[in-house]
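Enquirer: According to Swiss-Prot, the protein carries these features:
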TRANSMEM  27-47  transmembrane segment
TRANSMEM  72-92  transmembrane segment
TRANSMEM  108-128  transmembrane segment
TRANSMEM  136-156  transmembrane segment
TRANSMEM  167-187  transmembrane segment
TRANSMEM  190-210  transmembrane segment
TRANSMEM  212-232  transmembrane segment
TRANSMEM  312-332  transmembrane segment
TRANSMEM  349-369  transmembrane segment
TRANSMEM  385-405  transmembrane segment
TRANSMEM  419-439  transmembrane segment
Amino acid sequence: MKLYAPWQRAFEKIATPFEQFLHAQTTTGLMLMLMTVVALLLANSPLSDEYLHIFHTNIDIFVGNYGFSKSIHHWINDGLMAIFFFIIGLEIKRNILVGELSNIKVAMLPILAAIGGMALPALIYYAINYGDIGEAGWGIPMATDIAFAISALVLLGRRVSASLVTFLVALAIVDDLGAVVVIALFYTQEINMLPLLFAFISFLVLVSFNRFGIHAILPYFVVGFIMWLFMLESGIHATVAGVIAAMAIPSRPKYTPMDFTKSVKSRLDEYDNYPIEDNYMLHEQQKAILQNVKDKIDAISSPSARLEHSLHLPVSLVVIPLFALANAGVSINFSSAYDTLLQPISLGVMAGLVFGKVFGIAGISYLAIKLGIAKLPEGSTMSQVFGVAFLGGIGFTMSIFIAELAFAGNSELVFQAKIGILAASLFAGIFGFIWLRFIAKSAN
């Protein structure tokens, strides 16, 4: 094919949704790591006061007498993180419908492993903090940071099988679902029924849009935003609105594949009937045909697929890095760091994320495989599953998020939890990587 500009080359890669998902999570993991380092440096530098002051600065949004007055820190955690939870909701829905969780036989192992990896860490933390002020933080070590965990696994390249990566992704998705349920049920303030009722009505409107075949994204955005506002006033954490809204987004395309192929082929045949000009300029009618084909390409992709694809980049490059910058910065007094790590909250978090995750995930997996309930991921060994269980101990994003909810208003307890999260996540990530890189043997 002759190109108008021969020195310009276009390279196109058609990636599967799963490959796109892995790439997005790897990008998120790298950005998360970078901004965590920046936050820690700022919090332990002469600029620490300015750093803290920025995120505690209030931003007021009022329309008449109605509005909100929250700090930048709260706008990030309650507002921007709702977009992150919306992405989680879309990923959960896709995985249940057509992804790693759509086949119950394949999904059984990661589902059981995730349950073990949530229950045992919570029990270990609760046992250490039973009857103490930190008891409410039992949900902190339940979470796995999917971005960090997948980034570590992707760095191992061909040393791990694709099915092992799929196992970790499915496990983390179930883990995220569990974390959302825990946040909604157990980390909720006093519930205000009227705003909650309006939020429910907003959700019903979103469902009706889906049922009536509305595929335009704008109506879902407007009503979803209204639902988030009501959820913010209801007492249930506003980020839950993101997950609920995702469930109402249509997952079916406007056209069937057969109708799409027939329609596009007809339009392209019409396009070819026009003569090619010497200067390669298109006729106006050709431009209209191409626009029509573009519209049909958009229509063959479901709204949920389009949103997941378009939001991954801003979430990876803006939302998650801002969350890390606002929440990961803890001022560490190295002379008392050891004492902090020995506090029940820090100990509970570390024991939960390291020992709880490892024995919860690997232990349940081993039992399920031995009992014939589930099968080992193809091309993998139990030793590799043990390494993946260590990576499951990287709690970070969701763990910090739950810590902020569990100990809201008590900065000292939040600090202890964050120290435990940072220490456990660092240890779990490094040890899991070393185990999979140098110790675990692959099936091949």
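Glycine too: its Cβ is placed from the backbone N, Cα and C atoms.
Computed from a predicted structure; not experimentally measured.
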Enquirer: Report the listed stretch (136-156, 167-187, 190-210) having the maximum count of Cβ pairs within less than 8 Å of the transmembrane segment (108-128).
Expert: 167-187
Enquirer: Please work out which recorded stretch in 27-47, 72-92, 312-332, 385-405 has the most C-beta pairs separated by under 8 angstroms from the transmembrane segment (349-369)?
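Expert: Out of the listed stretches, 385-405 contacts the transmembrane segment (349-369) most.
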Enquirer: Quick one: do the transmembrane segment (312-332) and the transmembrane segment (72-92) reach 3+ CB pairs under 8 Å, ignoring pairs fewer than 6 apart in sequence?
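Expert: Answer yes, regions in contact.
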Enquirer: What else in the chain is close to the transmembrane segment (167-187), if you only count residues 6 or more beyond its ends and a Cβ gap under 8 Å?
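Expert: Counting only partners 6 or more residues beyond its ends, the transmembrane segment (167-187) has Cβ contacts under 8 Å with 18, 21-22, 85, 88-89, 91-92, 95, 99-101, 107, 109-111, 113-115, 117-118, 139, 142-144, 146, 149-150, 153, 236-237, 239-240, 243, 361, 377, 380, 385, 388, 391-392, 398, 401-402, 405-406.
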Enquirer: Any residues 6+ beyond the ends of the transmembrane segment (190-210) with a Cβ under 8 Å from its own?
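Expert: Cβ under 8 Å, 6 or more out: 219-220, 223-224, 226-227, 230-236, 241, 244-245, 248-250.
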Enquirer: Cβ pairs under 8 Å with the transmembrane segment (27-47): which stretch of 72-92, 136-156, 385-405, 419-439 has the most?
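Expert: Between the candidates 72-92, 136-156, 385-405, 419-439, the best contact partner of the transmembrane segment (27-47) is 136-156.
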Enquirer: In the same chain, who gets a Cβ under 8 Å from the transmembrane segment (419-439) while lying at least 6 residues past its ends?
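Expert: Residues 140-141, 145, 148-149, 152-153, 155-156, 159-160, 328, 330, 332, 337, 340-341, 345-350, 352-354, 357, 383-384, 386-396, 399-400, 403.
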